[in-house]
Every structure is written in C-alpha cells, then in structure tokens.
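See below for the structure under consideration.
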Amino acid sequence: MLRHAIETNVQIFTKFLVISASAVGIGYARKLFDQRPQRDDSFLSNSMIKAYLETRQYPDSFALYRDLRKETCFAPDNFTFTTLTKSCSLSMCVYQGLQLHSQIWRFGFCADMYVSTGVVDMYAKFGKMGCARNAFDEMPHRSEVSWTALISGYIRCGELDLASKLFDQMPHVKDVVIYNAMMDGFVKSGDMTSARRLFDEMTHKTVITWTTMIHGYCNIKDIDAARKLFDAMPERNLVSWNTMIGGYCQNKQPQEGIRLFQEMQATTSLDPDDVTILSVLPAISDTGALSLGEWCHCFVQRKKLDKKVKVCTAILDMYSKCGEIEKAKRIFDEMPEKQVASWNAMIHGYALNGNARAALDLFVTMMIEEKPDEITMLAVITACNHGGLVEEGRKWFHVMREMGLNAKIEHYGCMVDLLGRAGSLKEAEDLITNMPFEPNGIILSSFLSACGQYKDIERAERILKKAVELEPQNDGNYVLLRNLYAADKRWDDFGMVKNVMRKNQAKKEVGCSLIEINYIVSEFISGDTTHPHRRSIHLVLGDLLMHMNEEKYNW
C-alpha cells in the first residue's frame, strides 16, 4: 500500500526522493527519479535539482536541467532559476551563469524579484559588478536581500565607497546582516572609525558584530579597545575568545593571551578547537611555558586534532622554541603529511637550538620533496649564522635568486649579522649600502655590535648616524660607540655621546624574565615597584643571597 502511494502520488514520491537523497545518497535518489515515467512535474524536478545543490554536486544540477529541457516537457519556474543561480554562485561557473541568465530572459523571469536577486548575487559573487548593477537597476521591485547582495559584492571587490553609498540609500530598515557586512568591509580596509560609527548605530548586535569589531581593533594594534569590547560582550562564543587570544599574540602580548586562554577554560564550558590551539601556541613559544605547551599537545592528541598539518606544525614549532628539539623532531617524523611550513619550522628549530648541520641536512632533504620558499631560506641562513658557517651562508644567500626567490630585508639582516660576527665588516657594510631597502634599526644595531666586538670605531661612527636617525631613543647604539671611545681614551667624544643620549632622551630598555609554575607564567621586571607580591619576592631573594654568601657562591 505504501509502495503504491509512493508510485502514484507525485507529492509523496517527491518527499520520499528528498529523504532518500539525504539519508541514502544522491545516486540512489537519481536512480529513483530516472525510473519515474513522468519526470516533467515542476515540483519533482525542482526537488531533484535542489538535491544536487544541497549535496554540492553543482555541475549535476545544470546537467539535469539540460536533460529535462531536451527529453521532457519540463517548464522551468522561478524556483528552478533561484536554485540554479545559487548553484552557479557557489560553483563560480561563470559560463554557466551567463547561459542561465539568457534562459531567465527567454522564459520571462527577469521581473521576478527572487530570480533577479539570485542573478544580482550570482554576478556579485563572480566579481562582475557591472553586470550585477545592471541586473539590480532593471529590477522593478527590490527586497532587502537584493540590496544586501549588491552591497556585499561591492565590499568583496574593495569598492567601499560605492557600497557605502548604496548602504545609505537603502529604503528598508537595515537588518543586522547588512550592518555586519558593511562593518566587515570597513574593518578589512582598516577604517575603524567608520566601522565604529555603524557599530554604535546598531540597535541589535550579534556575536558576529562584536567579534568583527574586536578583530578590527586587534588588526590596527589597538588591543585596549579590543579588550574593552570583549569585556562588554553580553554573550561570547568560541570564535570571540579565539579572536581576542589571537589578538594578544598578534600584538606581542603573549602573557595576556595565555591568561585569557586559561580564563576561558576556567569560566566557560567551551572546548578549545584547532583555531584556539593555533592562537595560543605562539604565545606559549614566546614565553617558554613548556608545561602549558605539553598540555596543549595532549589535548590535541585526545581530540584527534593531530591529523591536521597546521596543528602539528605549530606543536613542533612550540617544542623547538622551548628547547625540546627531540620532541619536535619526533612530531615531524610522525607527521603523515608535511607542508612547506612544516619543513620550515623544523629547519628553523634546529637553527635556534644551535644545530646548524642538522638544519642544512634537513634542507637538502626538503629540496627533494618540496620547493623551498623565502621563509625556508631565512631559516637556512639563520642556521648558518648560528653555526658560524660563513661560506655556506654566502652560498645559499646568492643561490636564492637562481631558485626564483627574492631576498627580503630579513635575509639581508641575517647576512649582515653573519658577516659581522665573522669579522667581515667591510663586506657587511657593503651589503648594507647596496641592499635594495633602507636598513632598519635591527640591522644597524647588529652591525654596530660587530663594530664594537672588533673595535672598528670609524665604521661605528658612520653607522651610528643612520641608527640615531631611525631610533634616536635606542640607548644600546650609543653605548656601543661610547664604550669604544672609552677603550680608546677619547674622553671628549665619550662625553659628546653622553650629551647626545641625554638630548634624544635615550633610555635603556627595562629587562624582564619569565618563569612558569603550574601552568602559570609570572613576569619579573627590573626595578618594578608595583608587583603585588614584591615584599615576598624581596624576602625570598634576601634569603637566597644569604644562602649564596654562606656557601661562598661566586656570583
């Protein structure tokens, strides 16, 4: 009886077909569809076309439409065309989209608001904004979705002025979707003033709204504004936490990133995902919080996230930066799949841990399996620098061009440091003079340090002028030259440098140290009088000093 109902009633058959497509598979649904003697029913045919769309088999939705037009009396309706325009948008089939638009004209559906909105959205997704605007202008009636489709297209293409103008012209009450889209456009362009104006205008804000603004403030390095919004959020999801944690790491505040990660675990029931782990691991690496890094590694294994290449790469990078190079190597060897970033992290790990030869050997192996990039070559030159391998460093620096890679300022800086450490000061200075970039403060400070090491006052004087222009308040540059003058008993010049330091208000960067105990990272700053436990710290330090004196420890 049920079988008879399915076979004779097209409504029941269509519902059975849709259930079969999702529960059994699209192939089985198509087999049922093809066995049907009458396939030109619009409800049935549209359902089969939509089933292809929902299973992301976009070419098959077009193929079925063409077959139905050739083999049956199927007459497409507005539902057919809205489904097919969406299929075009998602598959980015421009040629199919153009053909479809001509079919829409042919069957007289251009005046249909839903079909025309689909056409506008399709062209906007293709980046063909001229076609999208023409279709929009020809619409006799437009919905809020029509306006949103065109505005979103302009935003994606970076035409924010046109998007903003349309946004202001919208006759409808704007909903949160279009506000979020417009705000996201401003955020991506770095225009946080306009983004904030929209944010303050909104009467209803979603988690996406708040998170978009937080992400924007993190991008422009206004981490305090980002945190104020984060703290003011009425509701947070995992994406919000990930954005704020990542923002701290991105803005060189790793301890705050770790604290927030621990706060998330202590105050919410949210489980970290791969994005959380990828956000917090750089902070762990920067602070040397190895115990927390090991916890992350165990968590990744427990949640089966270690199948993801990016996560494994971040874990091995963390271990290598925390000095656990053997653990890093074990993870690298066990990775079922490696990307260029994985090789780069392992080579750089060897370089950081002073194993230059292992880094270069791995690089040679990498060249058999992967094509090195600029980051690879920086890791290789860094390894040569740490290992004092001047000739190999020169070789790989010059080979970069033959490999089709352009040396960036970081590569030049590493070479200057390598040559300076080796005492090749003339070659290093020539490299600074002839490099296709203006040298930055790091390069000049590195070279000044080499001049100090090899007592080359003349070169130090030349370079200091450039260094002072770039970083007038960096006391380290002055101190190097001042010490050289003192060693040479040039007391007038020594005094002159001191006066320049005073005039430029050069200050010594305050030293700090970090220690991790029970997953908590504590920071100690030289001369800090604001630490909440300073009395206890000073008492313990006093006891330690007394003990060292009693043991006649030579410190």
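Each residue, glycine too, has its Cβ placed from N, Cα and C.
Database features, via Swiss-Prot:
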- 443-518: region 'Type E motif' (REGION)
- 519-549: region 'Type E(+) motif' (REGION)
- 41-75: repeat 'PPR 1' (REPEAT)
- 77-111: repeat 'PPR 2' (REPEAT)
- 112-142: repeat 'PPR 3' (REPEAT)
- 143-173: repeat 'PPR 4' (REPEAT)
- 175-205: repeat 'PPR 5' (REPEAT)
- 206-240: repeat 'PPR 6' (REPEAT)
- 241-267: repeat 'PPR 7' (REPEAT)
- 273-307: repeat 'PPR 8' (REPEAT)
- 308-342: repeat 'PPR 9' (REPEAT)
- 343-370: repeat 'PPR 10' (REPEAT)
- 373-407: repeat 'PPR 11' (REPEAT)
- 408-438: repeat 'PPR 12' (REPEAT)
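With a threshold of 8 Å between CB atoms, the same-chain residues lying at least 6 positions outside the repeat 'PPR 12' (408-438) that come near it are 374, 377-378, 381-382, 384-385, 388, 390, 393-394, 397, 400, 444, 446-447, 449-451, 453-454, 456, 459, 462-463. Proximity of distant same-chain residues to the repeat 'PPR 2' (77-111), defined by a Cβ-Cβ separation under 8 Å and at least 6 residues beyond the stretch ends, is recorded for 42, 45-46, 49-50, 52-53, 56, 58-59, 61-62, 65, 118-119, 121-123, 125-126, 128, 135, 138-140. This prediction places the mean pLDDT of the repeat 'PPR 7' (241-267) at 93. If one looks beyond the repeat 'PPR 1' (41-75) by at least 6 residues along the same chain, the residues whose Cβ comes under 8 Å of a Cβ in the stretch are 10-11, 13-14, 17-18, 21-22, 26, 29-30, 33, 83-84, 86-88, 90-91, 93, 96, 107. Within the chain, the repeat 'PPR 11' (373-407) has long-range Cβ neighbours (under 8 A, six or more residues past its boundaries) at 340-341, 343-344, 347-348, 350-352, 354-357, 359-360, 363, 366, 414-415, 417-419, 421-422, 424.
Counting same-chain residues at least six beyond the ends of the repeat 'PPR 8' (273-307), those with a Cβ under 8 angstroms from any Cβ of the stretch are 238-239, 241-242, 245-246, 248-249, 254-255, 257-258, 261, 264, 314-315, 317-319, 321-324, 336, 514, 516, 518-519, 521. Here the repeat 'PPR 4' (143-173) has long-range neighbours at 113, 116-117, 120-121, 123-125, 127, 129, 132-133, 136, 181-182, 184-186, 189, 191, 194, meaning same-chain residues at least 6 beyond its ends whose C-beta is under 8 angstroms from one of its own.
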